[in-house]
Ligand code: DGL
């Protein structure tokens, strides 16, 4: 998807020709759409490939060695087919583990998504913060390292939600998600200790902002929900340069790629189109366990 910015003109001096960057936004499923929204807002001039490894979903249940192998295999093919200039790993479960292997394997910049523990420690007034993530992310050494480096003075509760990402997927596919199910998943985030209460919860799985409305509704008390997506978009823009912020005449290309594509319902197609992803490709890559 290398398109000339001056395409359409008859005279195209090579010196002015600037290639259009392609950004690949990658997740196990639909959660990365919450990051995609911010990235496309910030980088209106870039072409976009949104890739969901739905054949591997949910990553939160995969053992670490299997997850590294899976992400490398999927990325190998995505890079060969779509030739991205930059990749956003819009998945905490993968980023907290696989980034070093990806950076060693590919000569492309990778921007990861990791728990916003430093901003949470800066934002809390009660000193009680909760990290809401997948069981995989909360178990990582990387996540525990962030806690000890940046939140040593805080009381941090790590919450590994087993079903919340799947509930977010169901909601986007147009299925009914009961408030009680959401409430049960987020309940351990709300801690009261010696007259203090949790006041900051990090959304450390990219699926969770999709459920922000019901989470706010069922929360036992109001908290600040930290979504790192705006910071990720700023980092992408910084790496690609300010030219990528400007919209191009004729718009940009955007496609969605799925490795299974079994759950693509009508409401999901509408949701994807609403996010600029009208073109959907299935590039099958079964998970072999
Ligand atoms: N969206 C992914 C994340 O940010 C996780 C969902 C999954 O378990 O696959 O962690």
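Backbone N, Cα and C define each Cβ position, glycine as well.
What TrEMBL records for this protein:
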type	residues	note
ACT_SITE	91	active site, proton donor/acceptor
ACT_SITE	205	active site, proton donor/acceptor
BINDING	27, 28, 59, 60, 92, 93, 206, 207	substrate binding site
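Features recorded in TrEMBL, as mapped to the structure shown.
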residue	record	DSSP class
27	substrate binding site	strand
59	substrate binding site	helix
91	active site, proton donor/acceptor	coil
205	active site, proton donor/acceptor	coil
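Counting every protein chain shown, 34 other Cβ atoms lie within 10 Å of the Cβ of residue 92 (substrate binding site). When Cα-Cα distances from residue 205 (active site, proton donor/acceptor) are compared across the binding-site residues 27, 28, 59, 60, 93, the shortest belongs to 93. Long-range Cβ proximity for residue 91 (active site, proton donor/acceptor), meaning a same-chain Cβ under 8 A and a gap of 6 or more residues, is found for 26, 27, 28, 31, 32, 59, 113, 205, 206. Sequence-distant neighbours of residue 60 (substrate binding site) (same chain, 6+ apart, CB under 8 A from its CB) are 93, 134, 135, 136, 137, 160, 162, 165, 205. Summary of the substrate site environment: with the site residues 27, 28, 59, 60, 92, 93, 206, 207 set aside, the chain residues having Cβ atoms within 8 Å of the Cβ mean position are 29, 31, 32, 58, 91, 94, 134, 137, 165, 205.
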